[in-house]
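Enquirer: One structure follows; several queries about it will come next.
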């Protein structure tokens, strides 16, 4: 029995004899298949003290263990490893042949000592049915030959697959696992099953480097990575959902193994970021669903199925998590030395001061729910650090900060509920809650009225015949109501968290139907006291074991029979009878439990009596004294105590408590109440309900769990399973300690021996004829178009020299031994790779040729299109240039005419003003002469005329000199004009040469275009004519431009002259007015007409000096203006205009003089 295992064996020497596999030579014949290992090690007995006599050198060449035989066996089993030797196989042949062979060949055996222990020894002699054995320390024993168990040769020590063992028996398997465990090789294959031994320490078998090695298949040693890699490859190749089923007892390492498998899948299918969220669900689920037990510091107290969805390219697209049967009773009750769920201790240790004040948190030792077990910490675990990791994970799965605070508030409320105490108020033991800190804190945290909380914990409303009766609760009833509320809050919180995680990991539209499911469910449990939780857990393990048996044994052998192949039947232990004990209706354990749960007067004792009454005839059931009964599970007998069975199965939460949660202001309790009401929509009809009880639920816990298991098995049945059996090496969770008795018991429960047997004698790989022919038919050298799939398949096998004993041809399928299909797959992959390379070369050549042709055509087309486009653009630009030139010339002409007219008008005004001044002066002279000239004498007249004549002569000389200067200036200007003309002719020459070059280029482009487009010969002449027209237009454009420049310069000069003249005239008028006013003012001051504090004579001298200075400056500016006007006149009107201006200036000067 599992719960009676107390072994602490250090080696197989001290192992009891009753720990034997079903296939040991005492109860069955010996398996004799030899699989040659890749390498070997020497073995010093089971406990390292006994050594082989003579070693390998003493082995005869005729022995099946000789080097020659081993090498021959290895050569004959390439790709599979199964070399079948002619040792005892039939049921009639016992150990007589082995004894005879042993007497001749000196082999080692496992011997069963009189005290029941196993020890390694060597046969010294045989006599009849007895043999003399030499064991460790030279002890000689005489034993029966039939009790001897042959030991494997030293070369097979530590093989990575148990199928490679020559002799498959209990001590051989156990020793091989221990050998590998001591070298940190914790993974061993047992056919299709991976055996994982928990090392209880860090081992260097994980990380990105190892992931990459298994991804590239450069490392073929057994590993969880290899199982996950096989699952994802088969999912993509076969388009069938996969499942990885991890089983083992509590503490065997199932949760860590599931996390390792998820890490590999995330590494291979990562890229979208969702894989990081999937990995971060582990800290959350472990914190809220795992706890420390006596057997495991991180025991999963719930089962979970993680279904990871993949896209068509093998990338993770989402995930979904389903949980089973959370152990709610652990919230309110813990055994000595155990802990409640990790999250409670993490919250107390890692909450920030702000959060601690908000939740009114204290240390874990202050809460009744946590201190009852006197265990607050785990060695090597920092709860505060884990709490921060949980908060980080909640952020990653998109749980908001507000929701996180609400979650922590619910946890604190559960802890404070445990501290709520009651006071007895009457003689009938009725109670009411004490109004202390605990009660007020709970009301504050869940957001309810404190009075309503008091009523919910101390009273119960009952409906009987449409009447409501208020029932006061006793102390025990109140405590049960308090604990039920705490358990319900925590269970609903756990379900709510799982729901939030699933929303974050939702696949949505990315779902493709391909998935890999990882099942991590509680292992088989057997304690000194087993309750309802162990009852359900072990029932689940029975169901999983049935699935394991069905897949590896039943379906396998049924398929062999249906397809009519030759095979050897392997017996295995079927647990169908135990499953029927649980599930049979109406007299099964679950049915009777539900029936008793519906009775209001049902008790745990009446349940036990009912079970004994109806199930005593079942071979898997035994009734014990009192409330106990025993069930013979596949892993051993377990005795259950029915105490608490009915209460836990009913899982009652009174409607008053649900109403309390729905009235809370916090949204989480409201959500919890809604989920409970939905669950209670269809009440269970029974005597309790008819009697008016307010408690009702749709299904009992056991029935609901049974339904979940059936759905789980249905989902797993639609997948290709991959099994991992986790083994716990010791009960003290210590690294390096290997308790062989405990390991042996677990190996029996896992059925490892039977798995290896059926794998060695069976054909694990099978394929339909048509699929095999379609997959490998192209490898045949001959034409197979007209052949049927079976003929094609046989031809493929013959072509690749597959040995007949390595495959079987069935009615519809081909069956292969392990490794044979791998040879064909390697050949197929190499051939496909060669085909792909050849195709890539040919397609590359075709693509390059097409690209070259395409480039040539594109170049011709581009040249034509660009030429046509440039011609259109040139024509358009030419038209725009001509139009703009015409507009510019018209505008400039208009501007010049307007400026010239303004200049002429201004000149006329100036001339009229000056001439008027001259006329006025002359009129004054004439008047003076007419009035006083008669009185002068002739001599004065002569003097006046002489002076006037001399003045005229001087003016003539000055005019001639100025004329000469102007002629010299004109000569200089003519020279400059000549230089400008020369430069302009050079520019014209250059422009003409550039035009000729451009015309030549145009002609060359036109000739190239005519060669490329021979069909456009008619358009060539038009293009040539266009070119000539364009050239003439360019010439016109140049001439027009020069004309525009000259006209523009001339008009600009005229404008400057007019502005200067207008300024001079304006200044003359202003200065004359100013000087006249000043002179008149000073004369009035001097004559006394005006009084002023100044010296008139000094001011007159000063004014005269200022006048002379201005006159000198003004004269200079007049001369400059003259020169400018003279130049303009010479350019516009020639010599006549110049003479007119000279005469005009002469008159002006004579007038001034």
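Note: Cβ is positioned from N, Cα and C throughout, glycine not excepted.
Heads up, here are the entries from Swiss-Prot:
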BINDING   248-255, 296-304  ATP binding site
COILED    948-996  coiled coil
COMPBIAS  1024-1033  compositional bias 'Polar residues'
DOMAIN    104-153  domain 'Myosin N-terminal SH3-like'
DOMAIN    157-829  domain 'Myosin motor'
DOMAIN    831-860  domain 'IQ 1'
DOMAIN    854-883  domain 'IQ 2'
DOMAIN    903-932  domain 'IQ 3'
REGION    581-615  region 'Actin-binding'
REGION    709-731  region 'Actin-binding'
REGION    1020-1050  region 'Disordered'
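Are these features on the surface or tucked inside, and what are their neighbours?
Expert: DSSP assigns residue 300 (ATP binding site) to a strand in the three-state reduction.
Across the domain 'Myosin N-terminal SH3-like' (104-153), DSSP helix (H, G, I), strand (E, B) and coil residues number 8 helix, 27 strand, 15 coil.
For the domain 'IQ 1' (831-860), the DSSP-based tally of helix, strand and coil residues reads 30 helix, 0 strand, 0 coil.
Averaged across the region 'Actin-binding' (581-615), the predicted model reaches a pLDDT of 91.
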Enquirer: So, by DSSP, how many helix, strand and coil residues make up the region 'Actin-binding' (581-615)?
Expert: 25 helix, 0 strand, 10 coil
